[in-house]
Amino acid sequence: MVLWGPVLGTLLVVIVGYLCLPGLLRRRKPQEPPLDKGTMPWLGHAMAFRKNMFEFLKCMRDKHGDVFTVQLGGQYFTFVMDPLSFGPILKDAQRKLDFVQYAKELVLKVFGYQSVQGDHQMIHSASTKHLMGHGLEDLNEVMLDSLSLIILGPQGQSLGASCWREDCLFHFCYSILFKAGYLSLFRYTKGKEQDLLQAEELFTKFRKFDLLFPRFVYSLLGPLEWLEVGRLQRLFHKMLSVNDNEEKGNMSNWLCYMLQFLREQGVSPAMQDKFNFMMLWASQGNTGPTSFWALLFLLKHPEAMRAVREEATQVLGEVRLQANKSFVLKLSALQRTPVLDSVMEETLRLRASPTLLRVVHEDYTLKMASGQEYLFRHGDVVALFPYLSVHMDPDIHPEPTTFKYNRFLNPNGSRKVDFYKAGKKIHHYTMPWGAGVSICPGRFLALSEMKLFILLMVTHFDLELVDPDTPIPPVDPQRWGFGTTQPTHDVRFRYRLHPAE
Ligand code: HEM
């Protein structure tokens, strides 16, 4: 027994030494970017990064310039902050940068999903087939039905019934978009009341998981929170179980296609449930928060709200709700809304903050737009954070923190796609969906469903903030780098459905 103390002590020293030594020994080699290991062995800058990634990267860029390597929890990340130099990384013609390896480890930790050969390409082909083109047209119909069901209830609005209601805007948008997205993709049955109840229950759990998510990814949860995450994961696996859902209802073609692939690869039903959980997260974690920011910007900018409403009237005509009927909306109109498109693009520019990561699996030389060459070391991770380096660049987007609803419109009203940095035309002038091999395969569906929701809200409802002077809440700093950001607190608003005829 007495021997345990020294043994454990030695073991600890060996482990700590093993973890910290490579960091202590690492030196910047010629041609490598500036190296900043931070003061803490192994941890490096992890704490400052996790606390507020945006502010941390701003400081690092001011200190080191457009390319630098930082140590974060034993791993070295090289951030490239010059968007004119993104091209070679995103195209990766040398085939030395790997998205899949990093993603595999992350999804195993977060969703318990063990990736199989070819699944990444399969997700993208399923999405090209079913979340774009004709597949998307079919889904838009289903989405409109789901939105009607959630907003109006199974019976629709009764004649003349209409009164002001008060709610919290973030919760309101997130809950509606989540439930509509879930029902449309995962479970579309004839038992409407039951569907609504299940979607509501799932949303409550989803939000609990969502709130823990950033600290879970960074391994910062307390013991009780770890237990809670495990419990929630099991619950999602159960609620999204392939066995149950095949019996109860119809899944979207998108999901059926992907599950079919997994079955053919011999993936067990339990692992398919975990895949479903991952897809629920990918498909429902961003649309609600983005719609919240879009509606809030419209409520805070009456000139933008007027322009969106005018455009809606032009493309949809005067819309009236029929008693006990669903919403009716010409879905082809979604293709003819440049003003709303610009509002969405501006909202995503201001509030979507993905991190793009690629593992360097062979030493890699990046030639920057300036002509300077940098060597990236095998085993490190290349990272892009376009929110700071693109979305907030005043050269590309003057007054970058201001919401300008027509920023993405030409004077003739068409979509603006010409943006410049240092006088050069820039290809990636916003990157809310990521880019290259990991670009969001659901982006067309995401835009359609958010636009549908906003069109319904602005055409069928009166909307106002409870306190019109309430400022736009700041972004919760823990959520930088995780897709669409969320506010530090909610905003109260009221809404009134126009009376049915
Ligand atoms: C506003 C809404 C959305 C935003 C801002 C968004 C953003 C993103 C981003 C930035 C990525 C890439 C992450 C990376 O590089 O690691 C991504 C991946 C993904 N998104 Fe979206 N997304 C949205 C909605 C959706 C929807 C509605 C779906 C499906 C119906 C979807 C499905 C996926 C999937 C499956 C992936 C993983 C792709 C892969 O493994 O390569 N997303 N999304």
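Backbone N, Cα and C atoms are what each Cβ position is placed from, and that goes for glycine too.
TrEMBL: automatically predicted annotations, no manual curation.
As recorded in TrEMBL:
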- LYS109, ASN286: substrate binding site (BINDING)
- CYS440: heme binding site (BINDING)
- 6-25: transmembrane segment (TRANSMEM)
Quiz item: Just the number: how many Å between the Cα atoms of ASN286 (substrate binding site) and the residue listed as 'heme binding site'?
Solution: 11
Quiz item: Those binding-site residues, LYS109, ASN286, CYS440: which ones have a Cβ sitting under 6 Å from ligand 1?
Solution: ASN286, CYS440
Quiz item: From the Cα of the residue listed as 'heme binding site' across to the Cα of LYS109 (substrate binding site), what is the distance in angstrom?
Solution: 20
Practice problem: With a 10 Å radius around each C-beta, find which of these binding-site residues (LYS109, ASN286, CYS440) has the fewest other C-beta atoms nearby. | Solution: LYS109
